[in-house]
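The following features are taken from TrEMBL:
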- 6-21: transmembrane segment (TRANSMEM)
- 28-46: transmembrane segment (TRANSMEM)
- 52-70: transmembrane segment (TRANSMEM)
- 77-97: transmembrane segment (TRANSMEM)
- 109-126: transmembrane segment (TRANSMEM)
- 138-155: transmembrane segment (TRANSMEM)
- 161-183: transmembrane segment (TRANSMEM)
């Protein structure tokens, strides 16, 4: 069933943000936007052979809220890379209509893999790569819809398949971010343990020398008392 993974992931993220995160302005708007997208997801607009899903509007506005924090050179770089991703996304999506034999596995996995690989060429953080992939997939969905409308006279923009692809791609980036966080935490713990061990090795000879001097002093005092 197309869209099942998106709904499960969206509701799961909304529950985690609502009940387990601190109450901040950013968390509030994130939960509101996510709840709005899930609520209006079934709504569609039909016009001139196009079927447009209304939920893409708040999703696009949500992504633009992140893009406004980037400087122009970096934003242009992200848009160029996302345009290349959109071309690859639309090309493969349309190609599968004429030659579905290439689909050895689920089409959503193919599209998510393509989006992830191209977005990984971004030199920024995991967040930058995820935003680039989402922008590219949005462009690719529109481009694929226009091509399908040209050939068949009808196209659906914002398919549930597209939402599953976005979910898969974000989950891949989230897993990579989690693995990096775990490795960084393990590395910090190892460095702390190693630093503590080195400090003990430095302090141990001085402590041992102090102990020996104290023992000698006690012996000398005992000899004087006996005398």
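Every residue gets a Cβ built from N, Cα and C, even glycine.
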Cβ contacts the transmembrane segment (138-155)/the transmembrane segment (77-97), at least three under 8 Å, sequence gap 6 or more: yes
Same-chain residue ranges lying at least 6 outside the transmembrane segment (77-97) that approach it to Cβ under 8 Å: 67, 70, 103, 107, 110-111, 114-115, 118-119, 121-122, 128, 131-133, 135-144, 147-148
Seg_contact(the transmembrane segment (109-126), the transmembrane segment (161-183)) with at least 3 CB pairs under 8 angstroms, min sep 6: yes
Range from 6-21, 28-46, 161-183 with the greatest count of C-beta pairs under 8 A to the transmembrane segment (52-70): 28-46
For the transmembrane segment (161-183), sequence-distant contacts whose Cβ falls under 8 Å of one of its Cβ atoms, 6 or more beyond its ends: 2-6, 9-10, 41, 107-109, 111-112, 115-116, 119, 126, 129-130, 133-134, 137, 141
